[in-house]
Amino acid sequence: MDTIKSFKGYGKVNELEQQAYEKKTRKRLIIIAVSSIVLIAVIIAAVAGVVIHNRNSESSPSSDSVPQTELSPAASLKAVCDTTRYPSSCFSSISSLPESNTTDPELLFKLSLRVAIDELSSFPSKLRANAEQDARLQKAIDVCSSVFGDALDRLNDSISALGTVAGRIASSASVSNVETWLSAALTDQDTCLDAVGELNSTAARGALQEIETAMRNSTEFASNSLAIVTKILGLLSRFETPIHHRRLLGFPEWLGAAERRLLEEKNNDSTPDAVVAKDGSGQFKTIGEALKLVKKKSEERFSVYVKEGRYVENIDLDKNTWNVMIYGDGKDKTFVVGSRNFMDGTPTFETATFAVKGKGFIAKDIGFVNNAGASKHQAVALRSGSDRSVFFRCSFDGFQDTLYAHSNRQFYRDCDITGTIDFIFGNAAVVFQSCKIMPRQPLPNQFNTITAQGKKDPNQNTGIIIQKSTITPFGNNLTAPTYLGRPWKDFSTTVIMQSDIGALLNPVGWMSWVPNVEPPTTIFYAEYQNSGPGADVSQRVKWAGYKPTITDRNAEEFTVQSFIQGPEWLPNAAVQFDSTL
């Protein structure tokens, strides 16, 4: 996330393109306003149809006397598509399918996913064939190939999550899952652009333009699917016609019986499946060796105990490595240490000392370190794209880009995080609770920005939330200007609440991605009930998208319960958490 070379900033927007976009946006707002009545009618009719169907099924085989709701498939599709950012591509891509002659909103959503999957599946063949002429560009293209595969998995998972029961609407839990996975799929595609865009070569600039053009359809189609699930299925799920009945007590519905028993047994870290020790007193001397035992796509928890020591190795748990728990003897005793960095030729995405994609990852009492140093610029200690991942009593030590909360739902509790520029960044739905966040002295003439949030689509359910934490200097030599963060993308979302902010903070609080360029009005940056000498908001930035205070009701939207659905899965990770304010 280099200040100058990064492609990611909103400041890179062409002025003419921005004017055209604003004109298009105004036109779309008018269209949406007009079509809202139609859309509401479609939704009411869809729910009415479901209710009629259910009542009819429960009464008698004959339904001749029950009035049926008649809808125009074309009108339904148009109303649905008018809620998306790209209504034209939504309508044209779905209406071309034979199955589109329907008014079922869930089927229309699945068709939108189908066109997104078809488009993304063909994308790898469109990647630049001569990338091998530039070694760094080839590494960036490799990142693209990896994240496209992840995005496809998210799209397929979204189809599976809604089930196959006809005439019923998805449950709110299913909708939340799908919103998360589609948000991640969009983030994956954006990560490709980031990897190529951070390079500063002629070949990279040409490749970036080529890839952006080739990705336009896949990005729009995925965005359309996300808008439909957020604005249509999300509303329908509030009616009492769920496709899967949600459990209100006990373990969350996504856990199987075997997984529940294992979690009950292993919550106390008493029965590890593997023990790692540098001195040879365990089964393995390296973490990597122990992780080779993990079965792919296993619903069973696999736990690894890592004894005190510094383990110099890079770990990458792929998307098919599920439900791994790794724990040590303490965040200041057991460390995983690496030194990969951007300056030596590694894409930021691949610099992580420890990277995890597979769902259900848990880390406890362990530290993650990237010791490349400030002069090496981007150097990630930990990157997580693991859905429902938990980090409890962990430490993350680095300089620029220390902690990459890339995508999906994540929770950090009682953790220590040090760094300089953008040292908590990414586009996950992530909550940091009761953590110690410690900016450190950067290179001369540099500044510190704690966060850089990467939300690029308004319907993504993502953001960085820091709650009940402390923000204090690391060491006693911090003199560099220090800020709570800077907006990385057009819809960046960051909330600092109920935290203690030290005197280290510059009174303006936040800074723009591009100096002297105000962020888009579409960002959401807010503070709520903070304390300490740095919590005074009287001199804060005056951006349209910044809120120096928000209501209790607004703040509730960013709690563990509302933002990451924590009560459904955190109790089984044996981690403390506050679900509300």
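Glycine is no exception: its Cβ is also placed from the backbone N, Cα and C atoms.
Keep in mind it's a predicted model, so treat the numbers as computed, not measured.
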Q: Could you identify, going by Swiss-Prot, the member of Cys192, Cys435 that forms a disulphide bond with Cys415?
A: Cys435
Q. Which one of Gln378, Gln446, Gln460, Gln529 goes with Thr348, Arg486, Trp488 at the substrate site, as Swiss-Prot has it?
A. Gln378
Q. What subset of the recorded positions Asn101, Asn156, Asp422 lies within 10 angstroms of Arg486 (substrate binding site) at the C-alpha level?
A. Asp422
Q. Reduced to three states, what secondary structure does DSSP give Asn217 (N-linked glycosylation site)?
A. helix
Q: Cα within 10 Å of Gln378 (substrate binding site) is the criterion; apply it to the recorded positions Asn156, Asn217, Cys415, Cys435, Asn477 and give the hits in sequence order.
A: none
Q | Same chain, 6+ residues apart, C-beta under 8 Å of the C-beta of Cys435 (disulfide bond), given in sequence order | A | Tyr412, Arg413, Asp414, Cys415, Asp416, Ile417, Ile466, Ser469, Thr470
Q.
Given the recorded positions Thr348, Asp422, Trp488, find the one whose Cα is closest in space to the Cα of Gln400 (site 'Transition state stabilizer').
A. Asp422
Q) Looking at the recorded positions Thr348, Asp401, Asp422, which ones sit with their CA no more than 10 Å from the CA of Asn200 (N-linked glycosylation site)? A) none
Q.
Please give the maximum pairwise Cα distance, in Å and rounded to a whole number, for the substrate-binding set Thr348, Gln378, Arg486, Trp488.
A. 18
